[in-house]
Amino acid sequence: MLLSEAHRTGGLTAEEIRFLGDSEEVLGPTRELVLLYSDPNEKPANTANLTRIRKTDSVRHIRTYSNHGFESLTRFITGRSIGFALGGGGAKGLAHIGLLKAMQEENIPIDMIGGTSAGALMASIYAMGYHAPELERVAKALMSDKKTLNDYTIPTVSLIRGKKFNTVIKNFVGNRMIEDLWLPYFAVATSLTKSQKVIFDRGPVWKALRASASIPGILPPFYEKNELLVDGAMLDNIPGAVMREKGADFVISVALSSEGDSTADEVFSAIYEENNSGALPSALRMLFKRIIGKTQKQKDVPNLLSLLMRATFVASDAAKAKAKAESDIFAELPVEQYGLFDWKKFHELVEIGYNYGKANAKSWKKQLGIRG
């Protein structure tokens, strides 16, 4: 472990050159850079260059003017660090905000955080240092108020152009790098090119968020280093195992309940041609049935957007048992009654996550060995 005051860190000192050199034998197979901040106005910057020079595997930013900073460092050193892995699920991910708010109120610490898709976005907001009530304000401004996902286009590649989403994300995070976030952070994406999981744990934050949330058919794939990247939910929607690999001693994985809505699915029976369950009727008849359905206050037939979203998360639903086994605590927020595009239900979803966190805080503290 390399420990230094953040404002004093630049190029290698004579002592560092003497101890580090080109060998890893002195510090072992991994190197951790710990930067201390005594000024509340000082924020992490240029961390990527500092870690590159020192050949460190990871970095931690500790605010010494807060007890939480030293407590986090102590947990890391003594093997009791706590990591939260937030699962994806479209608008349902807003429930993560309420859960994080409850964790703060109940004094359940978060030393590391990461996620997939919507979980990656909510985790990044927390890792930037936004806590309640700013956490809610920022999330609402990003995903609910700005209508980030409404720039539709001719669906040759995707239903949504993605330019507005890119702009909103870029304007929010700016040029911020993952290495400069207050907490160790990662986002999970899927490489279509190599058919494998991709972990963003360094580099521009906006790229990590854009890649992790690139739902196939809805948003265009993200192109990075000759690879087409799409939503991480395709391969790992509840990344508790990744959090463990990143060094968390206690892993809390948070899934978003996505049980199929049988009532909505049954509506399909009303639109299919009789005796031909694999063929839809004409567009005019489909439109007529939609109009009639609405006048009768029936649920809409699942549309292309919702079908693509649900298809993306099918694999993750099947893998929940594995994710549960890989976690010390597995939470599943009860949001099954909400849709993947229910961004307007912001306050309801946040409240669900908050209530779930408050209800389970006592038992979680016991499992984590936290007093109070």
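In case you wondered, yes, glycine gets a Cβ from its N, Cα and C as well.
As written in TrEMBL, here are the features:
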{"type": "DOMAIN", "residues": "84-244", "note": "domain 'PNPLA'"}
{"type": "MOTIF", "residues": "88-93", "note": "motif 'GXGXXG'"}
{"type": "MOTIF", "residues": "115-119", "note": "motif 'GXSXG'"}
{"type": "ACT_SITE", "residues": "SER117", "note": "active site, nucleophile"}
{"type": "ACT_SITE", "residues": "ASP231", "note": "active site, proton acceptor"}
With Cβ-Cβ distances below 8 Å as the criterion, list the same-chain residues six or more beyond the ends of the motif 'GXSXG' (115-119) that contact it, or say none.
85-94, 96, 187-188, 212-213, 215, 231-233, 236-239, 254, 256
What does DSSP give as the helix, strand and coil breakdown of the motif 'GXGXXG' (88-93)?
4 helix, 0 strand, 2 coil
Counting by DSSP, what is the helix, strand and coil composition of the motif 'GXSXG' (115-119)?
2 helix, 2 strand, 1 coil
To the nearest Å, how far is the Cα of ASP231 (active site, proton acceptor) from the Cα of SER117 (active site, nucleophile)?
6
Within the domain 'PNPLA' (84-244), what mean pLDDT does the predicted structure show?
93
Show which residues of the chain containing the residue listed as 'active site, nucleophile', separated from it by at least 6 in sequence, have their CB under 8 Å from its CB.
GLY87, GLY88, GLY89, GLY90, GLY93, SER212, ALA213, ILE215, ASP231, GLY232, ALA233, ASN237
